[in-house]
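Database features, via TrEMBL:
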DOMAIN    A:69-291  domain 'ABC transmembrane type-1'
TRANSMEM  A:12-32  transmembrane segment
TRANSMEM  A:73-95  transmembrane segment
TRANSMEM  A:107-127  transmembrane segment
TRANSMEM  A:157-183  transmembrane segment
TRANSMEM  A:204-228  transmembrane segment
TRANSMEM  A:270-291  transmembrane segment
């Protein structure tokens, strides 16, 4: 081997090596391991037993898994759309209307994003409380008497009541991203549009949105994937109840592997939970491909 | 054994901590639970995937531009490099595994164990030993302790550790406190690294104890019952505890793996002042008297019984679970029922006792004795309802006083009652209880560590530590403190009320433990089936029959899988 070739190899090793090693150790290895775990009957204590695809077979017949997945799917459609529309709208307002308090609003809207999801969940637990909840007080002020009505206690309402906290918690972050994307669009485009007599709405749909296409696409991807993995807010607000009406796939998996006898029997069934995890992985890949398909990646240069 | 957990027997801030903790460790969970791909991970996979595809595409080559010159590396070169790295990494992985195994196998490498294991009968060469236990005074031992920090707080256990270290200065503690200690313990167990494992850990919430025992992971503590107490020489532990604690302590294969130094009782807790003011019956003797009381309370516009619907097991586990035993005894088949109950003899959920129990809950629900929208209440909210007199009674455990002490209004006096299913006061009234405290000792540890751990388990039965845990943690002492009026006065009101009530009502405490553990996921599904349905049953919207049949089907699968 010539000296040059050795040098080249060494260079590749140094350049790719550390990142690749980290990726293998902390991403690929655990992922492969959980693929392996999904073939086991294993509770973390006794020795694992290889049971082939039994976990998957069980999973496809598991009504709780399907119910949880259905809930996750509905959230994955509604929550990102709401976040997208609201944060785009607010971003447009704040960038294009020169409010004197714009900077303050920016902080205000971003504020929920500073809070951990746990705190957001607890705040909303108090908003929805039947006895001293903010929501009931406000409604009472508007002469609707809901005193003693627990919003999260009703099977039909609780599911939808979990949407506002998730949206509220997500808007701030994307607002900042969208605002910066909007600011990056050259002013000259708008100036000429205004000279041509374009309305606000036209400027939004013809200039702003198309130029932000790439960013919106990535953000939507993050939102959808994030929603599929939601555990925290549901865990705290309803723990999947009432009657399983708010159980989501992540929470179901969590309770199977780490449940403390609350929603699960307190048994750690790592094998089965891993199988659900694998299925979730497939769903996430599917969601990603679907988003790619629905929103074509049109690169725009400006 | 069914683990008895009150997942949120902690106050509001605690639950906040707990959840935060839980979420914070979510990423750790990932590695165990698998497959929960993070978005960033997803993207990085995509990037690397692209890289790999390029690297292995025929005739493909990656160009690196370095300082103006192009470096061209053939596909083979890169592939070889990557493969070498893969092999190297996997070797590293195997290496660490092997290392771990050798550690497990040869714990004698640890310096503590390399010294001759001190046995109770000290060898003549060892001059310096403690007279109480014959353990060497000059060998430093640090016990790793995983403590469940819940409603009881940490004051009592801190006192126990401090006083222990004062008495035995060579023993130190390295304590991990967490409201979510079960997750930490579970993860450590699954990791299988004995060196990293706690020497002693709180037993509450430890999953699948039977498997742990089967795999010889826990140190048997049965011999401690015959030891003399550390603060009262001449008195054996088994003679010093409360009636029934020694006999009824949960055992696996007739062996105790923990010593219940405290206990709790479950049932309905209320404000005596409110009951007195309204002239309500504080001690209904029979089911009829009990339902009459609920009707009276409801007529006055107050919710008779509340419970946390978010953790809906509070209703069943703490007030109704032992009622199956009461029904069985009333029908004269207590023995056969109990032996069946302990081993999950079918039918589990559709037994006549279980069906009757759930039907009575449903009956109360249809009459509107539980709050509307109860599913939204967490434990703090439901207990708050009683403090605010929106509800008369709450189904919870005797730790409630300690848990709610910061919010309890003046004049509030805790009272306690069980749910009487019986038809006459001559019959036994079964009450839910749990033997609390106590800890497991990990078996794969140096002998000396285990010995000291066992001494500490015994230490918790000292009068002083028992007194502190009664006063500061709201615990019901496991030791009989009747000879020590000063200590028994330290009990909190709720705990005192429980003892008074049990004495006046032929009360019998039942821990509802099982000697068999079902590990199949179908068992989780069976409990999920009925736990999810509790709020609806308690609101009178759901007939329990269908639910119980469904749960029975799941548990049948779980039992079949076990065989």
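Think of each number as a place in line: the chain as shown, counted from 1.
Quick reminder: no glycine exception, Cβ is built from N, Cα and C everywhere.
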Should anything in the same chain at least six residues away from the transmembrane segment (A:12-32) have a Cβ under 8 Å from its Cβ atoms, list it; otherwise answer none. 281
Stretch among A:107-127, A:157-183, A:204-228, A:270-291 sharing the most Cβ pairs under 8 Å with the transmembrane segment (A:73-95): A:157-183
Distant-in-sequence neighbours of the transmembrane segment (A:157-183), which means Cβ under 8 A and at least six residues beyond its ends: 71, 74-75, 78-79, 82-84, 86-88, 90-92, 94-96, 106, 109-113, 115, 117, 120-121, 123-124, 128, 151, 208, 212, 215-216, 219, 223, 226-227, 230, 233-234, 237-238, 241-242, 245-246
Mind checking which residues of the chain, 6+ beyond the ends of the transmembrane segment (A:204-228), have their Cβ under 8 Å from one of its Cβ atoms? 72, 75-76, 79-80, 83-84, 88, 92, 166, 170, 174, 177-178, 181-182, 185, 189-190, 193, 198, 249-250, 280, 283-284, 287-288, 291, 295, 297-300, 302
